[in-house]
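As recorded in Swiss-Prot:
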type	residues	note
TOPO_DOM	1-89	topological domain 'Cytoplasmic'
TRANSMEM	90-123	transmembrane segment
TRANSMEM	132-157	transmembrane segment
INTRAMEM	166-173	intramembrane segment
TRANSMEM	182-200	transmembrane segment
MOTIF	205-209	motif 'Selectivity filter part_2'
TRANSMEM	207-225	transmembrane segment
INTRAMEM	241-253	intramembrane segment
INTRAMEM	257-265	intramembrane segment
TRANSMEM	277-297	transmembrane segment
TRANSMEM	323-351	transmembrane segment
TRANSMEM	360-379	transmembrane segment
TRANSMEM	431-451	transmembrane segment
TRANSMEM	459-482	transmembrane segment
MOTIF	459-463	motif 'Selectivity filter part_3'
INTRAMEM	499-513	intramembrane segment
INTRAMEM	516-527	intramembrane segment
INTRAMEM	528-532	intramembrane segment
SITE	His532	site 'Couples extracellular acidification to the channel closure'
TRANSMEM	533-550	transmembrane segment
TOPO_DOM	551-902	topological domain 'Cytoplasmic'
DOMAIN	794-854	domain 'CBS 2'
Amino acid sequence: MAASAAAAGEGMEPRALQYEQTLMYGRYTQELGAFAKEEAARIRLGGPEPWKGPPSPRVPPELLEYGQSRCAPCCICSVRCHKFLVSRVGEDWIFLVLLGLLMALVSWAMDYAIAVCLQAQQWMSQGLNTNILLQYLAWVTYPVVLITFSAGFTQILAPQAVGSGIPEMKTILRGVVLKEYLTLKTFVAKVIGLTCALGSGMPLGKEGPFVHIASMCASLLSKFLSLFGGIYENESRNTEMLAAACAVGVGCCFAAPIGGVLFSIEVTSTFFAVRNYWRGFFSATFSAFIFRVLAVWNRDEETITALFKTRFRLDFPFDLQELPAFAVIGIASGFGGALFVYLNRKIVQVMRKQKTINRFLMRKRLLFPALVTLLISTLTFPPGFGQFMAGQLSQKETLVTLFDNRTWVHQGLVEEQEPPSTSQAWNPPRANVFLTLVIFILMKFWMSALATTIPVPCGAFMPVFVIGAAFGRLVGESMAAWFPDGIHTDGSTYRIVPGGYAVVGAAALAGAVTHTVSTAVIVFELTGQIAHILPVMIAVILANAVAQSLQPSLYDSIIRIKKLPYLPELGWGRHQQYRVRVEDIMVRDVPYVALNCTFRDLRLALHRTKGRMLALVESSESMILLGSIERSQVVTLLGAQLSAARRRQHIQERRKAQMSPPSDQDGLPSPESSVHFQVNTEDSAFIPARGETHKPLKPALKRGPSNASKAGETSTGSMESAGIALRSLFCGSPPPEATSDLEKPESCERRKLKRVRISLANDADLEGEMSPEEILEWEEQQLNEPVNFSDCKIDPAPFQLVERTSLHKTHTIFSLLGVDHAYVTSIGRLIGIVTLKELRKAIEGSVTAQGVKVRPPLASFRDSATSSSDTETTEVHALWGPHSCHGLPRDGSPSDSDDKCQ
């Protein structure tokens, strides 16, 4: 015995991961991950257990036939290289490197194509400057053709590619499945459509669409790498890669990896997993590096520099007395950002409310983008009105001139003289710098708000960024005009740098529109200087404080316009929201099905709601929540019960009963009683009559000591059957030893019935055996039979809340876990449901919506007397009562809750 015990101990040593005791903590000599992989490989290949002897060599059967072919060494070599790379480098590193490389190539190629398109427009305009009419036609026709092609190509190939893409990614990362948003055709439509849209010269952006493009690239790359196996076969892993891809999209767009990571976190996530932090930084940094290296390779740059490099003085970038001016820029940008979001949303709402115009434009889908492009191109025509708003400059050229550190209005020094091209753009003959900047800001403001509504792939970050830079430049030029000799400090004179004000304004307005602070970091990486870090941070924070109190962010506004599932943030300064509880906002008339219900009850529950999930309770009296069941499962159950196969089975059984000879009927009941006996047997076994035969519930047979003793236990039989059915739903199949002698005759009888079911006629003959009245009567009989949920996929632990949960905690739970609904229970009893719809209305202040029984927010306060132990004990006993009230039904129709759980 001792020897066997020692042998057993030695045999179990590998099972214990070869643990050895050390000085302090002890350690395992075998990694847990390696051990798990070896065990998984052994189980998959069916090899012997390592502690039961040395494993015998085994050759996979698929390699036996081609073991001596030429492809075998190549396959073996590729597998070994893949394993070496995965083991030495890691799958995450390989994926992130490929993602960064692909996105850098796409970004550089797109910028190259956009630059070619813009140069072609300038070449056409300058080549026809002798004829003003032809020059106007060329200036207007070129962007109209590109925008029309972009809109048509996107609508035909993938309408999901329209717009920014950040609102959709924010919804997807929250757990909502949006079809066709991460497919290959959407990727192609987004890339080509965005290139044409930006090449037209319209005030559109690139950053938002590139977040969507990077996410699609990550999704497609995950599917490709899953062909070789590995962790990317798991779909839940893709969410982490999408979070990193959002950072890559911003990083390769502006060559700003740090700001890209922070910006992607702010605009797409409410709660961010820190484990994805390094993935975003690594991939975004690699992508930005390749993006700038390609610019050097194409000889666009001499070395790797910032995208909009500035040359502000570093010894004294700004004076302390200039901080109030920077604060004014931040506050004004906050109001401007809120106004931009409001104007963008109002344009869409006005177009939707005009039914006649909307129907006409829906039939002529390309007319609206063509008209908008024609209007904007006409206003920006350089010889016309465009000369007063620098219409001949592209967005990149505009930013370069606005970030210039030289003063435009002060012409006292030689080094402050502007180049001729810039002087002609911002100093037209019949206007000055201030008038040009004011017209530029006003015109670009509403043009950008209108252009972002065009159904093409486009963003709004870059136009807003340019408008903010122009506003900051206007303030800077005004300060330079008011203090022409600069601000005197301790006998030293430091002239004002208007370019620094432009940097502050760009970051402030972009942060106000997007509700982000990371725009400050993006500005530092774009300019390559951090000299104005304090003014930029002050302006961005003030702009966010003002904008967040007035309007949602641009992306949240688009989410509301598109009616995507979302959960708004709890606004600051609204203390009454923290006093609302779940019982004040929950829907009390919850659609549910009982464990002992009939198929008629299932049909009624399906007619009452269109929700995706239905609550499963023990009974209508107890309302004990057992789980949740999908609507598709209920539809399948009901369809199988009333299917044509069951009707044919019923006809077969009736014909067999009629055609049986009298000699075979000796000692057997009549056909009518035989059919009635089969139906009663199925009811007592709680098994739906389907085409196939199900095993009876074995625990139900073991509970009673004898069949004769069940006659006087009617009251306790229902309670026992509920527990038996509950165990059969959430437990696996019973062990073989649970089979008793009492179930053998029934199983034998079922086997006999199965053997005699022989088809005697074809389907057409069987269908003609029953009249419509008989079919209707048969369906009514089937609807009265009890339901067996044994074959349904039931969630035994749906998410639950208690009625005293606060709104703040509920919002945190919904945001953190990504759930779309939660059942409200009190000591296990279902009393209500809370979905995103109710939670959203409670946060936005419209909690008195139709169909939702809502108590006032202050009604949730309890006096000190009601919090005593006696009162709570009384409430607990009242909840356990068999006839306690579960809440009043809603005043609205049952269809009011149709959109819950969506």
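Cβ from N, Cα, C; glycine included.
When Cβ-Cβ distances under 8 Å to the transmembrane segment (533-550) are tallied for each of 132-157, 323-351, 431-451, the top count falls to 323-351.
Mapped onto DSSP classes, the motif 'Selectivity filter part_3' (459-463) shows 3 helix, 1 strand, 1 coil. Residues 357-358, 361, 445-446, 448-450, 452-453, 460, 464, 467-468, 471-472, 475, 479, 501, 504-505, 508-509, 511-513, 534-535, 538-547, 550-554, 557, 560-561 of the same chain sit 6 or more residues outside the transmembrane segment (323-351) yet have a Cβ under 8 Å from a Cβ within it.
Packing against the intramembrane segment (166-173) from elsewhere in the chain are residues 160, 181-182, 208, 211-212, 215, 239, 242-243, 246, 267-269, 459, 555-556, 558-559, 562, 564-566: each is 6 or more residues past its ends and has a CB under 8 Å from a CB in it. Listed as Cβ neighbours of the transmembrane segment (459-482) (distance under 8 Å, sequence separation of 6 or more from its ends, same chain) are residues 164, 166, 203-210, 322, 325, 328-329, 332-333, 336-337, 340, 344, 395, 398-399, 402-403, 407-410, 433-434, 437-438, 440-441, 444-445, 448, 451-452, 495-510, 513-514, 554.
Same-chain residues lying 6+ beyond the ends of the transmembrane segment (277-297) with a Cβ under 8 Å from its Cβ atoms: 92-93, 96-97, 99-101, 103-105, 107-108, 240-241, 243-248, 250-252, 255-258, 260-261, 264-265, 303-305. The listed stretches are 132-157, 182-200, 360-379, 431-451; of these, 182-200 has the most Cβ pairs under 8 Å to the transmembrane segment (90-123). Simply put, out of 132-157, 360-379, 431-451, 132-157 has the most Cβ pairs sitting under 8 Å from the transmembrane segment (182-200). Residues of the domain 'CBS 2' (794-854) grouped by DSSP class, helix first, strand second and coil last, total 20 helix, 19 strand, 22 coil.
Remote same-chain partners of the intramembrane segment (257-265), defined as residues 6 or more beyond its termini with a Cβ less than 8 Å from a stretch Cβ, comprise 211, 243, 246-251, 272, 277, 280-281, 284-285, 287-288, 514, 516-519, 521-525.
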